[in-house]
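Reading through the structure tokens given below for one structure.
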């Protein structure tokens, strides 16, 4: 397939980057040595598995929240937003990477390359901001329960989510001015090129990874302190009253945060090292480490739905109902009608001082 204009001068068949003056982490090997033979099959396997689990798992998350009244609350709207952030990469960037692997180079033109890299960034930054918002939500819910319903009213949460995605788009706009969205032949992907601007790379790592990690860590550390105090009854006069479901909710989101940090830390550490000293550090980054860091980052998009199913009974139960409905629609329609009638007889619990007013918050 023919490529247009300047993009055709950037990459040759086989993925070789030949743009002059483009060195380091974002470029191809100066000696044009072949890629390690494991890269294409490993990346293909990871992307195929990740895409399949990503689509099925995150659609299950979204449908579970929409179908189940116990899951339909302010906190879980952020989970739907996070699921959408994970879902977009499965529908556009990942299939395009598989096409690049098949052709041994980018064959879809510059427009698709820029769009694919933008959607990838949308997913990553959107995930970071949503995970941060979830941590703040859990922090307010447990540590400032008196003010929780004032902060997260029914119409406030959608506004918070819209603000998250607006900030995500704004955060990505500088990439078009810096020229950092390009094809990287080592990973067959159009992505963020770390050596396009070392100052911008450092800013991205600090603002979109280290700072959110610090905020989330603070929120969860404060929650852990209160949880331990409540369990040890260190403060008998405290009005904190945690139900097991509250603890499971917090634990689930804490695990999601830890997994995200583990999956994205290697790539961000590489980016920070390259930004500090691009001339010396970029050529010294082992290609196997660089590719593996991307494989780990790509794999993260399919893990959240699995965590919800493993750690949360309400999600696990709803997953089973949805899958059973797909397998045997008639049987599940009858069960759903009975279940909806039973739920309709239950009025929502009034707000209770403390943290027990959302027993099944996740």
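Cβ coordinates are placed from backbone N, Cα and C, and glycine is handled just like the others.
These come from Swiss-Prot:
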BINDING   175, 194  melatonin binding site
DISULFID  113-190  disulfide bond
CARBOHYD  4  N-linked glycosylation site
TOPO_DOM  1-42  topological domain 'Extracellular'
TOPO_DOM  64-76  topological domain 'Cytoplasmic'
TOPO_DOM  98-115  topological domain 'Extracellular'
TOPO_DOM  137-155  topological domain 'Cytoplasmic'
TOPO_DOM  177-200  topological domain 'Extracellular'
TOPO_DOM  222-253  topological domain 'Cytoplasmic'
TOPO_DOM  275-287  topological domain 'Extracellular'
TOPO_DOM  309-362  topological domain 'Cytoplasmic'
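With the fewest other Cβ atoms inside 10 Å of its Cβ, the least crowded of the disulfide-bonded residues 113, 190 in this structure is 113. Each of the binding-site residues 175, 194 was scored by the number of other CB atoms within 10 A of its CB, and the lowest score belongs to 175. Mean model confidence for the topological domain 'Extracellular' (177-200) is a pLDDT of 87.
In the three-state DSSP scheme, residue 194 (melatonin binding site) falls into the coil class.
Helix, strand and coil counts from DSSP across the topological domain 'Cytoplasmic' (64-76) read 10 helix, 0 strand, 3 coil. Residue pair residue 194 (melatonin binding site) / residue 113 (disulfide bond) shows a Cα separation of 16 Å.
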